[in-house]
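Beneath this line is the structure, given in structure tokens, with notes to follow.
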């Protein structure tokens, strides 16, 4: 893209460098503008100018006024039924104020940029919660800015925009908003009442005032941790056989930690006679076929965890390989701790060694909303009794994070072709394997949508039949009345 290379005063050099190397970014602009090159170039120009004007590359938690985080008016939390992250706007908490509008715009940019770095390529679902809001909460300039963020600055980022419980008095304002969206985004705008919003979002991620069961309450600090929690089992935190000796030394330190970190105990290095136990533990688990090369750990599989439908197939294996010269601590977290068992969920890995982590699916099937996070950090002669405290004190910039945003659950696929790819350890083409996994996950979502459409169709047919019966009844009564007269 030579048109952008010699514009140091106009653009941030970091953005132009990324434009030169990130094919997916360019592809996003092109597809959003239907591959009309001139339109895509104008969009890139506007986007890069905005990024420099707002200093997006340097926006951080410390550059945003603290009171904005404390209001809880904007935050990321939960997932819709298609597995897209929810970006909440609590409209009643927004007051139009020209003095703070620039900081508010940077605040939105902070959340979008934070998510773009953590979940590259993953779309968002924007939820405008209009409950208890009024005309004083409507700021058309701010709304137009939010729309531009998804229309121009972050192409292909918007899955849909849901307006929940909008007061009738604001209908005129949102007609203007529709005109701003443009034809490429107008189909993504959804209006829903409190009862209708469950069409898009399950009750587990809806607040009680929308008929949901989500106990989440925004508070700051800290920022919401992407809904990841430490996996637990029915009888408490998962602890391997090797951890029992260090358990007593952990008890005192555990009392001061958050309950979500209760399972963080170090595992002693494996001995030769432990291989049999490891083999038994990993039996039936799906073996990874791809690898993510990280600065501290190589993580296999690279992108997607897949589970089967049979009792012996509801396991998959994560293999962590230490590529450093130091001991590396790791822990695994998930957004659905009640559905999964991870063993070990927290441990440490010796230099040059590998650790097998078994993820077991319990109670239900893998869902597109479920996410896994692998965290790792280098250790310097930290004893097992200090591992939990180590995680509490380690700076965020020293933690490696790897996320699994694609989960696949396979159902009733009996062909030998699928078995070769998904049920055995035979060598196969990893790209084709991932395409197959994505296709089956997509088919599952299509089946769910089709089931919903069929249900709606049945309801409509039932209503038509009722109307036909009523019509016949009216004709009968009319004929009877004419004969009697």
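Just so it is clear, glycine is given a Cβ too, placed from its N, Cα and C backbone atoms.
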As TrEMBL has it, region 'Disordered' corresponds, among 236-288, 289-341, 342-394, to residues 236-288
Secondary structure content, the domain 'CRAL-TRIO' (76-218) (per DSSP, counts of residues): 66 helix, 27 strand, 50 coil
When the pLDDT values for the domain 'CRAL-TRIO' (76-218) are averaged, what is the result? 85
